[in-house]
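Student: TrEMBL lists these features:
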TRANSMEM  21-43  transmembrane segment
TRANSMEM  63-84  transmembrane segment
TRANSMEM  96-118  transmembrane segment
DISULFID  Cys158-Cys176  disulfide bond
Amino acid sequence: MHRRRGPNFTYVSGCVKYMIFVLNFIFWLFGGLLIGVGLYAFIDKWQATGLIKLDTVYDVMLNISLLIALLGGVVFIVSFAGCIGALRENTCLLKFYSLCLLILFLVEMGGAVCGFVFPRSLHGLLELSFTERVVHAYRDDPDLQNFIDFAQSDFHCCGLTSDGYMDWSKNEYFNCSSPSVERCGVPFSCCINATDISSGLVNIMCGYGVQNFPVAEASKRVWTSGCIEIVRSWAERNLYTIASAALGVALSQLFVIYLAKTLEGQIELQKARYENVANCTP
């Protein structure tokens, strides 16, 4: 015979509790891994170059290794709060966890709305804010250089703005007035055929002197379109895929927030019930 539950019956769901714990434990480990990788790359670059410039917000945003470490720190702290909050049934930590997820969700939604509603304005903002800084820092930051080379070779673009390959004239090494052997050139990642098929070696000189050629002639050797426009066109072609992925991430975040608030509510009801029992006991 089953015992009938009274109207004041409350409980803390073990399923919800340990689902939040396991999920956040995985992200906690992932955050720790990001911190380790980011700090290792940052220290290694510091020892190799001897100088790391962090004077402005843009310097931090363009420092890939530091950005990875900071991202890992945020993931580590937020997931730790969710992990311990669920395991120890701590409502303060659960509230902090829910609030962080809500802020992240709102920031993502704001960015998505701006990207879909004002694509041209966002395009112009990126060109205005980052072009010169990215081009200038190409040789100064090995991590940023590798990222730019990857983006240019993968998206078949060169430079950032509508000026395309001519953006590299703003770099002190590729400027035509430079005494460097790379003057009037572009990085090898801009080249259409940077790798020699027979030897498999990368020809790092394939972009030398390209800025001296008109677009029609240069397009035979390098990609001439800017990366921001190419990426925007790619996003428009894959709009439904990107929107579906974004929707999936957003719904997942809302579901986790719902679980956290559900667990928080159950814990508070349990506490209130115990307090009422304690007050009624003579």
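Any Cβ shown, glycine's included, is placed from N, Cα and C.
Fair warning: this is a prediction, and the values are worked out from it, not measured in the lab.
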Student: Sort out the residues at least 6 away from either end of the transmembrane segment (96-118), same chain, that have Cβ-Cβ distances under 8 Å to it, and list them.
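Tutor: 24, 78, 81-82, 85, 235, 246, 249-250, 253-254, 256-257, 260-261, 264.
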Student: Around Cys158 (disulfide bond), how many other CB atoms lie within 10 A of its CB?
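Tutor: Summing over all protein chains shown, Cys158 (disulfide bond) has 29 other Cβ atoms within 10 Å.
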Student: What is the number of other Cβ atoms found within 10 Å of the Cβ of Cys176 (disulfide bond)?
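Tutor: 11, counting other Cβ atoms within 10 Å of Cys176 (disulfide bond).
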